[in-house]
Amino acid sequence: MYQAFKKPSMDSLQIYADNSDEEDLSYQPSSLSADSSPPRLIPSKSAAPKVDDTMLALTAAEARQAQSRPIDPTQHVVAFNPTYDQLWAPTYGPAHPYAKDGIAQGMRNHKLGFVEDASIDSFVFDEQYNTFHKYGYAADPSGSNYIGDLDALQKNDAISVYNIPQHEQKKRKIEREKDEDEVDPTEVDNPATDVWLMKNKRSPWAGKKEGVQTELTEEQKKYAEEYAKKKEEKGHKGEKGEHVVDKTTFHGKEERDYQGRSWIAPPKDAKATNDHCYIPKRLVHTWSGHTKGVSAIRFFPKYGHLILSAGMDTKVKIWDVFNSGKCMRTYMGHSKAVRDISFCNDGTKFLTAGYDKNIKYWDTETGQVISTFSTGKVPYVVKLNPDEDKQNILLAGMSDKKIVQWDINTGQITQEYDQHLGAVNTITFVDNNRRFVTSSDDKSLRVWEFGIPVVIKYISEPHMHSMPSISLHPNTNWLAAQSLDNQILIYSTRERFQLNKKKRFAGHIVAGYACQVNFSPDGRFVMSGDGEGKCWFWDWKSCKVFRTLKCHEGVCIGCEWHPLEQSKVATCGWDGLIKYW
């Protein structure tokens with residue numbers, strides 16, 4: 001019983017499923033399968049009587065055609081009211097394949113199509129145009145006849161605006177002479193009288209009467225005084241930079257020794273011991289005296305018996321290297337941290353650049369400030385031209401993307417190199433000092449001809465990072481650039497300034513710090529500080545890391561190789577110490 005009951009129910013389900021499939025098919029004619037039955041289409045029935053609508057369709061089509069029919073541009077009469085669309089419809093005909101409005105791209109010389117030049121002088125055109133507007137006639141450019149008001153033409157003898165007839169010329173001449181005769185004495189004193197203004201109505205300044213200045217009201221006087229005071233204050237700010245009294249203190253025993261030699265005179269016996277550089281192993285001396293970090297160090301040129309340091313405590317100090325190892329002099333002239341320092345070729349003078357927007361030129365021996373320069377922007381790098389005959393020319397890379405060139409003797413800005421898109425970080429002279437390379441926060445290198453503010457080579461690749469320190473190889477053929485993606489890149493200084501793909505020095509962590517990069521005097525080693533206080537040495541030939549020294553707590557920002565003692569190196573860091581290795 002149960003079995004029999006079960007079976008029909010299954011069959012009925014099956015039938016139901018088939019029916020529902022068919023119903024679906026009426027909705028989905030595309031999903032017909034091969035063995036399903038075809039869809040049934042029931043013809044629609046309408047109770048309306050059958051009407052022959054052929055004529056109706058034709059008349060409707062004709063009306064529509066009349067509306068869409070283009071208007072022939074040559075016909076003068078239109079028999080029906082055309083619509084706006086018809087009036088502005090494009091000209092019918094075979095369209096030009098490459099042009100919007102039937103004019104080939106090559107023919108187009110104006111944004112509206114092709115404009116033909118008329119062979120008529122602008123003077124001739126103006127003459128006829130003005131004649132027509134004055135007399136009502138003008139010469140027809142296409143032929144020898146006239147158009148316009150022919151009566152006026154005969155009356156005026158066909159003259160144009162520019163041929164003044166004889167009698168008119170005479171009249172003008174007489175008037176002019178009369179004007180010259182009557183010179184009013186009051187007019188000589190004050191030519192802007194009302195009478196004069198009336199007479200010379202045509203002057204472009206007519207109506208702007210410069211009367212004698214009236215007394216200022218109390219309010220205006222007060223304002224003027226305040227303004228003058230403000231301006232004076234501004235002028236006092238050391239030409240836009242902040243002004244600080246320049247002080248200096250000498251810390252040595254005496255400024256001259258028993259022979260009368262200055263304390264900055266190099267020792268007579270100092271010369272290179274040997275030309276082979278060795279990498280230092282141990283600490284020899286520590287100079288401490290800066291109360292904040294040290295941002296840069298520079299050895300005295302050629303001899304290295306003194307070392308100059310720029311501190312973030314606004315002071316610049318010079319230290320003895322060979323003998324006592326003490327601080328010899330402190331130079332105080334900046335009101336904010338000192339960013340960069342640079343000796344002149346003989347070491348008797350040096351430049352400092354501070355965040356107080358001033359650049360100062362100091363005498364090393366006496367500590368006097370010889371001159372101060374400022375543009376009102378922060379100088380990030382200062383350099384003197386290394387040529388002996390151009391020691392009076394100072395280049396400074398500024399925070400406003402410019403490189404400014406001053407003449408120290410006159411204090412004038414003689415040139416501005418303005419192409420960078422970010423603050424300028426370094427200036428390096430190459431090619432016998434005829435050119436210099438600058439790097440900037442815009443992640444590019446630019447090469448300039450000295451004295452010409454046009455970039456002769458622009459190096460910028462998508463993979464480049466900012467290069468806050470660049471140094472020249474002793475053989476002057478290569479530049480080492482500290483790239484902020486933790487590597488040192490080498491560029492050739494020859495014509496093309498190509499990146500040397502085979503040489504790159506890596507391993508140190510400098511991202512975010514402007515750690516100095518430097519070479520040993522014989523060019524065999526490359527060295528750089530890093531963000532973790534280490535100093536790294538690489539072999540120039542093999543590019544392998546040779547040695548690392550843990551030098552400072554915090555960042556080791558600067559490192560310099562001694563110019564004469566071939567295996568000694570000085571480093572400085574943000575812990576305020578300068579160490580000699």
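For all residues, glycine too, the Cβ spot is worked out from N, Cα and C.
Copied over from TrEMBL:
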type: REGION; residues: 1-46; note: region 'Disordered'
type: COMPBIAS; residues: 27-36; note: compositional bias 'Polar residues'
type: REGION; residues: 167-189; note: region 'Disordered'
type: COMPBIAS; residues: 178-187; note: compositional bias 'Acidic residues'
type: REPEAT; residues: 287-321; note: repeat 'WD'
type: REPEAT; residues: 331-372; note: repeat 'WD'
type: REPEAT; residues: 417-449; note: repeat 'WD'
* Counts by DSSP class (helix H/G/I, strand E/B, coil) across the repeat 'WD' (417-449) -> 0 helix, 20 strand, 13 coil
* Structure fact -> Restricted to the repeat 'WD' (417-449), the mean pLDDT of the model is 88
* How do the residues of the repeat 'WD' (287-321) split into helix, strand and coil according to DSSP? -> 0 helix, 20 strand, 15 coil
